[in-house]
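Contents: one structure, followed by commentary.
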Amino acid sequence: MAKTYDYLFKLLLIGDSGVGKTCVLFRFSEDAFNSTFISTIGIDFKIRTIELDGKRIKLQIWDTAGQERFRTITTAYYRGAMGIMLVYDITNEKSFDNIRNWIRNIEEHASADVEKMILGNKCDVNDKRQVSKERGEKLALDYGIKFMETSAKANINVENAFFTLARDIKAKMDKKLEGNSPQGSSHGVKITVEQQKRTSFFRCSLL
């Protein structure tokens, strides 16, 4: 049976328990939101195929448990990941502080060239905010990675975050291929117009 995709990207969602990783995953994969998700036990994944630059890209997105007792399970899944989203809850200071710990785990266990992005989730709950957008932006700048604020509940920037990460992974792959090509021709990566319409980019921030 012929493959229905051109590329397969393995992505990870990591962060403390309760920051909304499962909700972000379901919003992107199912366009659904459920406020009664229990904490993920172990690891689960969802698949969604998107189109970038005329290529079909299958995203295999792993939802890893944030609790400390599952850390030994999740670290086995860092290897092979091409993109990692580090998620914190803007209403939970501790989850933001722990992003640095998660980054250390990535540096220890993941591929050196893995694409990373920080997501400040639950930006719809601004009246309970404990972490300013500027602090999220500065943290991302410190590590040289991208940042967005998202809301799985209000469907803000979730689509855009996954497309941005996938686009960066594909651009890096294309650059490597060009380096091995005698022509060295360039290939731009674009989000389709249809997908652009589905994003909610303007309501929260992107760095």
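One-based numbering along the chain as shown.
Each Cβ is built from the backbone N, Cα and C atoms, and glycine gets one as well.
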- Of the ranges 63-80, 117-134, which one does Swiss-Prot list as motif 'Switch 2'? 63-80
- Message: Checking feature assignment: motif 'Switch 1' per Swiss-Prot, candidates 31-45, 136-150, 151-165. Which range matches?
- Response: 31-45
- Task: Find, among the binding-site residues listed as Lys21, Lys122, the one whose Cβ has the highest number of other Cβ atoms within 10 Å in the structure shown.
- Result: Lys21
- Task: Determine, to the nearest whole angstrom, how far the Cα atom of Asp63 (Mg(2+) binding site) is from the Cα atom of Lys21 (GTP binding site).
- Result: 7
- Task: Give the helix, strand or coil assignment DSSP yields for Ser17 (GTP binding site).
- Result: coil
- Task: Would you kindly give the Cα-Cα distance separating Ala152 (GTP binding site) and Thr22 (Mg(2+) binding site), rounded to the nearest Å?
- Result: 9
